[in-house]
Ligand SMILES: Nc1ncnc2c1ncn2[C@@H]1O[C@H](COP(=O)(O)OP(=O)(O)OP(=O)(O)O)[C@@H](O)[C@H]1O
């Protein structure tokens, strides 16, 4: 058995040589950012990668077509000195487009509502976090800001951004997530809708004093059904004058109509369809023969390619656990995270992944949205995202592939396609987003190599597959 590493310490090949497959691994490895990029594990790699990321960022932030573009500095956005210091301490040099546009509008008096859309990984969290921190009057020991997110993982992540940005202030914070003690009268409370409602009903959280109400992943939070009902019930407990801020990378038309009622007379920042997906994430699909073949290819891929960190999305909770168990049986180190796991286990799993202690996470849509782990450079859609009625779920697809390519970094996504119906669904998503998804055949290794080679020469501009899918009509 051979183990080869490239210059960045990537394992590009483990085990017996398989010729062209190995070249695929090497090509993919070159297309992907290095393991050290954004990692805190290797000081030498970190120095190098920070330099590279900064140059890329500077280029992108100077390009008017980039979502990271800005003409202003943070100092011109009306932040208090403590918050400006917090932003600087996070290493943010310039605001992104959404931060530059949304912040002055959100901080203006009298407060106005906001519905803001910006691509995945472009800094929405910092934008609404700064708005919440700016609105808190620390001389009053009452809850003044509430932020709701669809999952505990995202609520915990938002909390870490609030804590970091607000570290030079005396703002206090508390959680409204299951199995975590609340902090009555904390200035800012972050949580999930069900638990927030529960704490409000028990009078642990007093909604009468809330001045600012944020929904992260707002289209999801307002979706018809239990979640939308809970969100609405939380809102109805607050003063009518509450400033409501809705943020997401996606606002499908059916939710947008409701959003404008939920946040009336809001300033709106919206994207055009063609702006939705990021060029920094190169999209591929693997043409498999069957469900069984999908698993074989997954195992083969991970035997060849140990990418920095990756997330494998499946549709069902039991699939996440069973694929993880089978991968482990094949000798791979992977962990799974689904909504059926215990709260404490979920926290441990995501924290270990965030810290780089684990490299491969198999999961459901539970972490499709919002999760920001900059070292993730590969997202695999082992199962394509589907709605409850089995239709292709374009929004979830966008959120899933947006777990890589954060704030201008490079990333790769690979869809596993195994029959005509799946191909049609993926093609629907491709058409809806207007960005090509390149084919990688698993049957013809030479073809696979040629496609990847040409795609990699033309970074960021995938030009479509070299041949039709076996599942294409
Ligand atoms: N102005 C900035 N300069 C540099 N980095 C930034 C800036 N603003 C945000 N970031 C970083 O960019 C990354 C993505 O930001 P964030 O998580 O807020 O994106 P998002 O738009 O909320 O994404 P999603 O749609 O996935 O929820 C984070 O690691 C964050 O620290």
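Each Cβ is built from the backbone N, Cα and C atoms, and glycine gets one as well.
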With TrEMBL as the source, identify the stretch among 14-42, 43-71, 72-100 annotated motif 'Q motif'.
-> 72-100
For the domain 'DEAD-box RNA helicase Q' (72-100), give the DSSP counts of helix residues, strand residues and coil residues.
-> 17 helix, 0 strand, 12 coil
Please give the average pLDDT for the domain 'DEAD-box RNA helicase Q' (72-100) in this predicted model.
-> 91
